[in-house]
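J.: TrEMBL lists His172 with the feature active site, nucleophile. The feature substrate binding site is assigned by TrEMBL to Arg79, Arg166. Annotation comment: TrEMBL describes 53-192 as domain 'Phosphatidic acid phosphatase type 2/haloperoxidase'. Among the features that TrEMBL reports, transmembrane segment is placed at 25-45, 57-76, 116-134, 146-167, 173-192, 204-223, 257-278, 290-307, 319-343.
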Amino acid sequence: MDVLHSAGVRVAQHLQSAFNEYEDWFMFASNVADLHTPYFVFFPIWFHLQSKVGVKLVWVAVIGDWLNLVLKWVLFGERPYWWVHETEFYGSFQRPVLKQFPVTCETGPGSPSGHAMGSAGVWYVMISAILTLASQRNHSTLQTGCLRVLLWSLFCTIELLVCMARVYLAAHFPHQVIAGVISGILVAELFDKIQWIYGASLKKYVITTVFLFSFALGFYLLLKVVGVDLLWTLEKAKRWCVRPDWVHMDTTPFASLLRNLGTLFGLGLALSINAPLYQASYRGKWVHGTPFRLGCIVVSLLALRLLDLVPIPEEQELLLYALSFCKSAAVPLMVVWVVPGCLSQLFTVKKKKAQW
């Protein structure tokens, strides 16, 4: 693995040297690839356009990131920014120097890349949804083929940028981002064949949430009993990050896990509360028309922006986990229940006034 890692370090050095002036773009690509974007941006848009796609988006993101966590615990992947300091591969030769950035010092293992895996799964779902919608319209074979080539070229370009960004930032080795993209596509493909999620009850959401948490916690405790410290990367991050304030506790494996499980639980709760409106939208029979849906999208995005501004203290680990879960659960509740409910009342009142 040292040979593979050293080759990856050379790639990172080359990217940092050749594309130094594009630092802000790589930072932007990395931030957009974070699962924060699907939850706070893509989900509210898609849910109010095609609720089925919105639901699928959340499931793919949650299960993909959970699987990513388990794989990271199994594979013990290094990260470039600490590996160059600890490896004995270079012997008496000078060690390579990698530049670090505010998003470099993630605290979990590195393989496979969570950013690459999450973005691949999410974009695969969205592009597949667009192609499915396009196929339902009377387009010529040439038009459909051109659209397919255009969208999958866009997908490849986005994933290439995400992979380059994660390597440029010294957060991952090239083989880790490639593994992430492949894994993300496989998860998205799997959910193409799973239909029960669209009509799942709150009970199924709760059972799934509890199972995912219990499995992860049980696996963590089991490995700890046999002498494996799954938080070994936290010490490395604190030791080798050039700035202590760049080490964020919200990047720890359990913080990420609880954010995702909070989102899944919140989605199940919101759908169960707002079941009539969701079932109507799922069948393509919206209670209100296009202005209502566009209003829901705009208000949801604004509301989530305000929610995103609410800080979560990182000093106490258990409090961080609890608040992360609650804040994440509030996202689908806001999008699926609160905003549509309020706007539905508003549109109903306006309709009654118009009838008078």
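From the backbone N, Cα and C atoms, a Cβ is placed for every residue, glycine too.
Note that TrEMBL annotation is computational and uncurated.
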J.: With the transmembrane segment (257-278) as the reference, find which of 25-45, 57-76, 173-192 contributes the most Cβ pairs under 8 Å.
T.: 57-76
J.: Provide the number of Cβ atoms within 10 Å of the Cβ of His172 (active site, nucleophile), excluding the reference atom itself.
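T.: Taking every protein chain into account, the count is 32.
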J.: Under DSSP, is the residue listed as 'active site, nucleophile' part of a helix or a strand, or is it coil?
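T.: Assignment for the residue listed as 'active site, nucleophile' reads coil.
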J.: Who are the long-range neighbours of the transmembrane segment (57-76) in its own chain, taking Cβ under 8 Å and residues 6 or more past its ends?
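T.: Contacts with the transmembrane segment (57-76): 35, 38-39, 42-43, 46, 108-112, 114, 117-118, 121-122, 124-126, 180, 183-184, 187-188, 191, 194, 197, 212, 215-216, 219-220, 223, 230, 253, 256-257, 260-261, 263-264, 267, 332.
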J.: Over the domain 'Phosphatidic acid phosphatase type 2/haloperoxidase' (53-192), what is the model's mean pLDDT?
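T.: Summarising the domain 'Phosphatidic acid phosphatase type 2/haloperoxidase' (53-192) by its mean pLDDT gives 93.
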J.: Based on Cβ pairs under 8 Å, which of the stretches 25-45, 146-167, 290-307, 319-343 lies most in contact with the transmembrane segment (173-192)?
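T.: By Cβ pairs under 8 Å, 146-167 leads among 25-45, 146-167, 290-307, 319-343.
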J.: So which residues does the transmembrane segment (319-343) touch in its own chain, when a touch means Cβ under 8 Å and the partner is 6 or more beyond its ends?
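T.: Apart from its flanks, the transmembrane segment (319-343) reaches 39-40, 43-44, 47-48, 54, 58, 249-250, 254-255, 258-263, 265-267, 269-271, 273-274, 277-278, 288, 292, 295-296, 299-300, 303-304, 307, 310, 312-313.
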J.: Of Arg79, Arg166, which of the binding-site residues has the most Cβ neighbours inside 10 Å?
T.: Arg166
J.: Could you say whether, by DSSP, Arg166 (substrate binding site) belongs to a helix, a strand or a coil region?
T.: helix
J.: Just to verify a number: CA distance, the residue listed as 'active site, nucleophile' to Arg166 (substrate binding site), in angstrom, no decimals.
T.: 6
